[in-house]
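Asker: Handing you this structure, nothing more for now.
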Amino acid sequence: MATPTPTPTSPASITASGGRGGFLLARARVAPGGRWAVRAQPAAAELVERSVNTIRFLAVDAVEKAKSGHPGLPMGCAPLGHVLFDEFLRFNPANHAWFDRDRFVLSAGHGCMLHYALLHLAGYQGVTIDDLKAFRQWGSRTPGHPENFETDGVEVTTGPLGQGFANAVGLALAEKHLAARFNKPDLTVVDHYTYVILGDGCQMEGVANEAASLAGHWGLGKLIAFYDDNHISIDGSTAIAFTEDVLARYEALGWHTIWVQNGNTGYDDIRAAIKEAKEVKDKPTLIKVTTTIGYGSPNKASTHSVHGSALGSKEVEATRKNLSWAHEPFHVPDEVKRYSVVPVELKLQNFKVITNKLFCCEEIQTCSSSLGSSSGCCILHSV
Amino acid sequence: MPEHETNLLFCLAYAGPLGQGIANAVGLALAEKHLAARFNKPDSEIVDHYTYCIVGDGCNMEGILTEACSLAGHWGLGKLIVFYDDNHISIDGDTEIAFTEDVSGRFEALGWHTLWVKNGNDGYDEIRKAIQEAKSVTDKPTMIKVTTTIGFGSPNKANSYAVHGAALGTSEVEATRANLGWPYEPFFVPEDVKSHWSRHIPQGAALEADWDAKFAQYEQKYPEDAATLKSIITGELPAGWADALPQYTTESPADATRNLSQQCLNALAKVVPGLIGGSADLASSNMTLLKMFGDFQKDTPEERNVRFGVREHGMGAICNGIALHTPGLIPYCATFFVFTDYMRGAMRISALSEAGVIYVMTHDSIGLGEDGPTHQPIEHLVSFRAMPNMLMFRPADGKETAGAYKLAVLNRKRPSILALSRQKLPHLPGTSIEGVAKGGYTISDNSTDNKPDYIIMSTGSEVEIAVKAAEELTKEGKTVRVVSFVCWELFDEQSDEYKESVLPEAVTARISIEAGSTLGWQKYVGSKGKTIGIDKFGASAPAPKIYKEYGITAENVIAAAKSL
């Protein structure tokens, strides 16, 4: 991949050098106060769909290659994952440990191929395509459940259900505490959100209720939880053992609740929900996102068999046909690659001086880039 | 005075660790609903009692309570009535500090009926009315929030955390006596109070006598059901029940012990009338479904497969309730062995309360492979060997699995854990059901004088590795004894003579191999032997690779032996 020439050295602008595959480049603009920020405009619907399927198939292919793993959640939560990571999450793929990044936890850790696929697309060097191909293999950086000490971009180790959700409450507590201690009227140095995806299993675990009760009591307004409401757990339909009113329980615990009824294709619904959640400052928010587990698999979607087993080569083929995904395993289409957040190669001299911080925020700004506006663009602001 | 035809059942288990008791109560109520569905007839309601439980703020904060209450709501346990002592105080002070949720709202979300007695201090009619109403709601459990003053009557300490867990002290005791107009000396029970309460003795005797008469009629009309119910009540197992366990030989098809466990459970289900249980959403992985029965649900409570959902702690404590409801109810529950971490509190109470719950724990080591270290037990075996009154079984094959089940069923006052493999294992020559009862026993030995060159000891999935190593060493002209240490507790209870016959003091060249912590093995291996195990976290990879990389191999056993 070509490194763009850093023509203007002033922080005020970095010119896009267009056309070369694999990069999203941007025109920089200095906002008042000299702050740099990446602002993402949602890509055109077609590109979003392609990105979402990329995520799905990276997961499907990795699980298939390993003959082990959990394809259902990644397939069902790919839309949510795409919108969250691509349009809302603030992070620097070149520096997974940047202090003021948004925190993301996958409490339903078995669905980690979703997280790995997103980290890969986002440009984290710790999750290359070879890492995805080595999913669940000895010595790989993509273990079967997320391990923070193994994979850059993974905040906490999850797998045992409910733990990640409680970790997220702790992450949000930390932000609120540090913000209260160190933010000044004229300078906000601690300002990030904590997002967590949890499933039916996590919701059944008592530890999640304990943590949620405290999050409500503490008014952790920058904690946003997504409840993957797919009605399936290992033993089958949730009708078998889990029929409580989850949203009502969270309301009783002092949370704000939202329901996205179509988590499969309702991208605007997902966006609107996250926006609303961010506006509620005095309560954490639970967004129930109704999805189809194993979305796209014609014979296994919505069943417990897609939760924790590889699809099998026949079903993988059928899914490819069903979603019109003609590509070979582990293929990331160029236009999806290009759209991803600014990759590591842009760690240039100029940026080092500034601080190397690149992050996305949700405000939409139009800009013209030499790539053409249809692929969306980012504007860099310094910090 | 309110009429009551029903019996009161108090919490029978050790309470103390908060939240356990309410989950036990859910189990007690489950047992009643189940037995009522199985044995009641249109003309004879032989099982008919309520379960009452008092919980406090502390219990309400514990996650286990929500797990158990979610199930109680799902199962529509209409004869479960819970009183929530709403006194706004916990050890660290006012509940404002850490507990400000809408408790009744939460219970309603869980499918409960809720009531509020605003004056629990002297609103006696309110309390009576609430209980009446709760009893009339038959399709949902009821939570009655009773607002009380903690330490009511103590003029200086009421309503403070100081009165929660410390003696009042002499001056406050005096002040309370003065405040409540109680001039009596300590431990005095006034005559009128005594006399009022004393009616419960004849009344209770009459209640039971009535029931005995009812049962006599029931026995006349429904002799078979009566016999079954009687055996559940007394806990007496049908004659020859253990013969129903599958008979395995070395010719039997190799299989994971989790599958062999399912065969044993299904065989037992046919002859043990009180066997009931299930899994925390892993029935298809734990292999715990009883195929001849359906699911225990709100409308089918006579069935015996209980679906606990992902609620391990609630599950364990509910099983304690089932076990302590009636001697002949034998509950089993299942999850991955590593998730005993999620229900250890309940397991300890099983051991302490002498509740013979059977814990079916599969995926018991690195042998589970790719799910990785979060799922691979390491320290769990030794941690349960350290727990008093807990039997920790790790069977190697079919015969040992059957043997473990036989002992688990027989031990009604000791809970059992069975650690079972995900991976396929061979049936080994030399294993036996009788051997399991000894806890540790010789499965192969080519020495003649109780002085083998080497003793290799192991459990479960590693016994076949021990056997392989022994074969190799034997080929080189050595005498080797292989010991299967399926249950340490039972071995420790054997006579000194027996122990000497298995582990002769004179033989110090001992090697242990187990895919778990080496801690504890020293007591059998001795200071001159060698332990082979895993004292670090596992890894996400195919199982055979992990075994190799972690040195759990026959080669290592042989090398260890030769180094001694």
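Including glycine, each Cβ sits where the backbone N, Cα and C put it.
Feature list, courtesy of TrEMBL:
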ACT_SITE  B:GLU312  active site, proton donor
BINDING   B:GLY16, B:PRO17, B:LEU18, B:GLY58, B:ASN87, B:HIS164, B:PHE339  thiamine diphosphate binding site
BINDING   B:ASP57, B:ASN87, B:ILE89  Mg(2+) binding site
BINDING   B:HIS164, B:ARG258, B:SER285, B:HIS363, B:ASP371, B:HIS375, B:ARG422  substrate binding site
DOMAIN    B:255-427  domain 'Transketolase-like pyrimidine-binding'
SITE      B:HIS164  site 'Important for catalytic activity'
Asker: Here the binding-site residues are B:LEU18, B:ILE89; which one has the lowest number of other Cβ atoms no more than 10 Å from its Cβ?
Answerer: B:LEU18
Asker: If I take the Cα of B:GLY16 (thiamine diphosphate binding site) as reference, which of the binding-site residues B:ASP57, B:ILE89, B:HIS363, B:HIS375, B:ARG422 has the closest Cα?
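Answerer: Given the candidates B:ASP57, B:ILE89, B:HIS363, B:HIS375, B:ARG422, the nearest one is B:ASP57.
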Asker: By the count of other Cβ atoms within 10 Å, pick out the sparsest of the recorded positions B:ASP57, B:GLU312.
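Answerer: Fewest other Cβ atoms within 10 Å, among the recorded positions B:ASP57, B:GLU312, is found for B:ASP57.
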Asker: Per the record, thiamine diphosphate is bound by B:GLY16, B:PRO17, B:LEU18, B:GLY58, B:ASN87, B:HIS164, B:PHE339: how many Å separate the farthest pair of Cα atoms?
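Answerer: Value for the max Cα separation, rounded to a whole number: 34 Å.
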Asker: Could you state the CA-to-CA distance between B:PHE339 (thiamine diphosphate binding site) and B:ASP371 (substrate binding site) to the nearest Å?
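Answerer: Rounded to a whole number, the Cα-Cα distance is 13 Å.
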Asker: Which secondary structure state does DSSP assign to B:ASP57 (Mg(2+) binding site), in the simple three-class scheme?
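Answerer: The residue in question, B:ASP57 (Mg(2+) binding site), is helix (DSSP, three-state).
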Asker: Using Cβ atoms only, which of the binding-site residues B:ILE89, B:HIS164, B:PHE339 are under 8 Å from chain A?
Answerer: B:PHE339
Asker: If you count the C-beta atoms lying within 10 Å of each candidate's C-beta, which of the binding-site residues B:GLY16, B:GLY58 ends up with the smallest number?
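Answerer: Counting other Cβ atoms within 10 Å of each of the binding-site residues B:GLY16, B:GLY58 gives the minimum at B:GLY16.
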Asker: Among the binding-site residues listed here, B:ASN87, B:SER285, which has the most company in the form of other Cβ atoms within 10 Å of its Cβ?
Answerer: B:ASN87
Asker: Listing them in sequence order, which of the binding-site residues B:PRO17, B:ASN87, B:HIS164, B:SER285, B:HIS363, B:ARG422 have their Cα within 10 Å of that of B:ASP57 (Mg(2+) binding site)?
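Answerer: Passing the 10 Å Cα cut: B:ASN87.
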Asker: Excluding B:ASP57, B:ASN87, B:ILE89 themselves, which residues in that chain have a Cβ inside 8 Å of the centre of the Cβ atoms defining the Mg(2+) site?
Answerer: B:GLY56, B:ASP85, B:ASP86, B:HIS88, B:SER90, B:THR95, B:ILE150, B:HIS164
